Amino acid sequence: MSDIIERKSLTEFTEKAYLDYSMYVILDRALPHIADGFKPVQRRIVYAMSELGLKATAKYKKSARTVGDVLGKFHPHGDSACYEAMVLMAQPFSYRYPLVDGQGNWGSTDDPKSFAAMRYTEARLSAYAELLLAELQQGTVDWVDNFDATLQEPALLPAKLPNVLLNGATGIAVGMASDILPHNLTEVANACIHLLEYPDADLAAILEFIKGPDFPTQAEIISSKEVLASIYATGGGSIKMRAVYRVEKQQIVITALPYQVSGAKVMEQIALQMQQKKLPMVEDLRDESDHLHPTRIVIIPRSNRVDVEGLMLHLFATTDLERSYRVNFNMVGLDGKPRVKNLLDILNEWLTFRLHTVTRRLQHRLQKVLDRLHVLQGLLIAYLNLDEVIAVIREADEPKQALMTRFGLSERQADAILETKLRHLAKLEEIKLRAEADELKAEQLSLQEILGSSARLRHLVKEEIIAAREQYGDVRRSPIIERETSQALKEEDILPNEPITVILSEKGWVRAAKGHDVAGHELGYKAGDAFKAQTNARTNQLVLFFDSEGKVYSLPGHALPSARGQGEPLTGKLNPADGMAFTALISGEPEDWVLLTSDAGYGFLTQLKELYVKNRNGKACLKLPANSQVLPPRLLASKAEAHIACATNTGRLLLFASNELPELARGKGNKLINIPAAKLAHREEFVIDVQVLTLEESLMVCAGKRHFTLKKADLQHYLGERGRRGNRLPRGLQNVTALKVIQN
């Protein structure tokens, strides 16, 4: 028993086993061959159908019969995978030039895998498949044993055109993959013709004929010429394809989708954005596709003011209305090795295969002609010596040997004479034989001339490609048009731009009312709660909230609860630290400048965008000195002309230019007004309010119920440098409670 056990190390065994498996998957399962563009299963399906007589003119036959023949004779693998490969070759939306003509349910663009079971569908070969099968029995390709060596199958099919480019292929092997996109038959044929006429042509010349891939859809290829040239030069890259739309009576109508994109999925993607309120400019969405209009998706904008181009660029960026396709010209070459090839290599190598195939066909035909001439020569000898031949046949014990000896015939000639029927001995038959011999000699001469001349051979291949182009060529379906890059709309562009007033209560409840004419203190509040602050905002802006610790939080205006009720607590949307209270809020454009201050008399300028934060926990922005509090932030209408008015509770007022303050993203800031440290520490004196104004505006100083308005001339008395002590306000206004800016 031990003498039949082979011992190997695990490393050696697994390495060899995995390598064998890899090569099998690469060469026999996943990658197409450059000669006919087929993976083995596809080649076997087409060949099995031809053996069943299922040509384009034959009656349809159940798909199960074809799959059964393929599995039983050539391809011992799963029936579902085999049937799916057959379905793919029958789908006009999957294959640029379908090889199978199906009858029944073979799937749809919305759901390519919705095809009926193989017991229901029927199929036959398409007319295009004849380009691959017409020369099969003419000695053009090698034949190999099937899996159990009981039958022979073609190693390749003698394709008359480079099917590997026409229908493309996709496959994933071990350590490599293939993604070959389909191309237009007319363009590829013209490129082959050019290479036959000018064998030294470069890629630039070929790209005059092959503009780019051509999919079985009218969607646009939007990659630039430079990108396409790079792909064809290297054999790899990616291209972009975009849906086609037009505007009909203020409705956007999508009429073509990218390759292998489902209209139903696109509808779902757009509908989902509508549900999430990311497309407020879209009122309705309909699918009006039917047999006359295979793709017709209608998008109805809310008004004629909607930017249709901007909307579509957003949809291209966020849905399958635009898709990228990987390109990887990886295929098995004539040398049997997988390799990524550029376009010029593919065409030249295929033409080498085609020239070799045609040479084998001509040699095969020449041999047939010579064999027939040999037989005819023997038959004519028999006609010239008819009586003697008959006598030899009647009298000789072995007429075959006798004929061969008497007339110097070969065994083949003698057999042909002996097989001739009496009715063929008429004079008319002799004339027919001589005419046939003359025709065959002329054909022999023509074949030998072609085989003996490379130029004649290339001309013949060229003529055959032209004939195939004329019979099966068509116009390009996928236009190549450079378009503007798609870009998703920003949230502020998508959201409706409507005015709102955001109201904050003492206990941190928030709500948003429509419009800017809302008085927050007039609204109702929960028991024990009251009005705290309000700010004007818009639904497409962020609203900033400040807590008593100097941290800032942001929420989108459109997401705030309605003012129809009493709002919601901010703690349900944000996570302030324990014991912290929300003290102020503000909103505006991202580039707007805002003044942040503490009542210790420190502050700085920053832009609103520096305060935006996505974290529910907020972020620190204003560092508070010991024993101080946050003051409400103030927006600057014009930073260049703005002045800052700073008042203390003891009646001191200082006015200085805003450009004296530093611009920071966060921190304590610089001193606004000088307050003695001892008074500040004991909270005897602190900043009571800060306002931003221009010198053309007036400033109202409030002291309880009293108020006094400082006009332009009055304000000059309080102008000074930042950080100064400021001047005292008039008697009666010593206990300042607030500052208000009044427009003149």
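Glycine residues also receive a Cβ, built from the backbone N, Cα and C atoms like all the rest.
All TrEMBL annotations are machine predictions without curation.
As given in TrEMBL:
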- Y120: active site, O-(5'-phospho-DNA)-tyrosine intermediate (ACT_SITE)
- 31-494: domain 'Topo IIA-type catalytic' (DOMAIN)
- K39: site 'Interaction with DNA' (SITE)
- H75: site 'Interaction with DNA' (SITE)
- H77: site 'Interaction with DNA' (SITE)
- R119: site 'Transition state stabilizer' (SITE)
Cα separation, H77 (site 'Interaction with DNA') to Y120 (active site, O-(5'-phospho-DNA)-tyrosine intermediate) (Å, whole number): 21
H77, R119 as recorded sites, winner by CB count within 10 A: H77
Segment-level pLDDT (mean, integer) for the domain 'Topo IIA-type catalytic' (31-494): 93
Alpha-carbon distance [K39 (site 'Interaction with DNA'); H75 (site 'Interaction with DNA')] in Å: 12
Rounded Cα separation (Å) that holds between H77 (site 'Interaction with DNA') and R119 (site 'Transition state stabilizer'): 18
Length of the line joining the Cα atoms of K39 (site 'Interaction with DNA') and R119 (site 'Transition state stabilizer'), in Å: 24
